[in-house]
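Novice: So TrEMBL lists these for the protein:
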- 449-464: compositional bias 'Basic and acidic residues' (COMPBIAS)
- 484-516: compositional bias 'Basic and acidic residues' (COMPBIAS)
- 526-596: compositional bias 'Basic and acidic residues' (COMPBIAS)
- 606-623: compositional bias 'Polar residues' (COMPBIAS)
- 634-644: compositional bias 'Basic and acidic residues' (COMPBIAS)
- 655-675: compositional bias 'Basic and acidic residues' (COMPBIAS)
- 691-706: compositional bias 'Basic and acidic residues' (COMPBIAS)
- 174-258: domain 'Strictosidine synthase conserved region' (DOMAIN)
- 426-706: region 'Disordered' (REGION)
- 7-28: transmembrane segment (TRANSMEM)
């Protein structure tokens, strides 16, 4: 008995303390929220039988665009694309292929959902198809007009401007008439959307208003609505339907006809919280989205509290008193955690745990009769704010989900939306089908014509730009291996030109140009032609071969030119030019050595010229051709042309030619051996260049009687000095 008595006393103490706490909260004056609390009578809920019988038509929903679309609230189809507003403040559109495109944003940049009042929250969407204008009702920023062509925005209804002594809050939905006027709802005059959970506890303070586009002013049509939500205009423009969420009914307000200005109940006792409304495309009725559906087994707490104002007042003040300290701390010491706490306390999303886990859609005709109902009971969708048929699926939006729900279209809704598809959509599909064969035929004809025109253009370019290529080349006299490569890259685009030019022009001007390439100091050289010839076989070997085979009397290849150039006596002139240019660039000692070698070698070098090009030792001749011997300048042409090839690939043999200038003077047999053995040397020029440079100063310092070193494939070899 003692334990039971102690337990009873403990329970009584708790009840007394709780009663004192409740009485203090209820009796203290001027505690927020500053709203009225009166008893409200509601119509009885329609029985869940017949068309309202429980079903699972919306179960097993597919989740589309998961984590890409946060809180899709309402839907609108325009030009075959689906428009929706997000909890992050953006309005986006979805293409039939599933591509998401940004359309506009009314609010400011923000960091997350807890800053919803900064981000903005577009709830209602309407579009003027003729003028390509989008109307957006943002819960925090008012009603805006957006030009879809240039994204210019115009504020139509200000959130900080009072209408009939009250400021509109929670701008919710809009309906556009034929004259460009708007019927719009704001759900509360006491709370913002971030404190929307307080609206079911307080007395009604929402309104249905009318915006006149000519006067740019709004006036109130229906006052004291308990969270008015979706609004639509009848097809005959005789009345407006408004969903009154916290009264679980639909209202009809007449805007034309004998009942103009009167309000009556369109449908009452709905088994859920009505949210957005949507007129069926065939004009047969309207779709009502049920944010939450309830029944006798799963009652709704806010409905039972409607007739108990003191209980609602206590809960509203209690929630507000818990929220105020966190708001104060967040103002003094802003922090993400404090901001998140304030957001969760008053937002609708915090009520998800105490709400029935069911939602649905109702289909009504224009007489207010429920034709069909569709419910979701497996929590695959959650709350439902709007629904529309798109891509042969029923798309379902939810303000607190991170996806769009998708289910097969029920038969009645499919028939209602069929007219819209057979109308504009069908014509669009027909136009697309007509356009597709045109697109397919166009590329086929283009592909056939392009190669023919290109061939003609190439043939024209082959003959015309020949002198144009030579002139810019002659302007650059001092051309190194790097510059030659650049010129070769430029000339690679027109590879056939030089070959045909050679066929038209005799080889005499062609031969003088590669000779000038050796003399880097002469301002008149045209070095690119041999380069072109050499670079051509690398990329397109067949073209130069064919061109060379045609003009047999005038052979364009560097090897054939070398053989012809050696046999012709007219080649002595470019040789003298070479010696002169070399003497200018080379030091005086080297020039003296060259003059000494002139009487010795001209006779001996003549037979060598014939043997060397046959064996392909043009690279070696470049070494033996240097300044001292004038008669060997004909092989130097060959070597220089080959050196140009090597300059494109291996620039080494040009440097090696400087060392072998004095070595050409000894007996012909030795030089012949050198020429025969060194054709492979250009492949390994890097190690040869270093010792060659070192021997030049040694020739100047040491007496001329000492032996000289010659670099061969097997290594350096000493030979007697002719001096």
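Using the three backbone atoms N, Cα and C, a Cβ is placed for every residue, glycine included.
TrEMBL entries are annotated by machine, without manual review.
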Novice: State the non-local partners of the transmembrane segment (7-28) in its own chain: residues 6+ outside its ends, Cβ under 8 Å from one of its Cβ atoms.
Specialist: 310, 313-314, 317-318, 321
Novice: Mean pLDDT over the domain 'Strictosidine synthase conserved region' (174-258): what is the value?
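Specialist: Taking every residue in the domain 'Strictosidine synthase conserved region' (174-258) and averaging pLDDT yields 96.
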Novice: For the domain 'Strictosidine synthase conserved region' (174-258), what are the DSSP-based totals of helix, strand and coil residues?
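Specialist: Breakdown, helix to coil: 9 helix, 44 strand, 32 coil.
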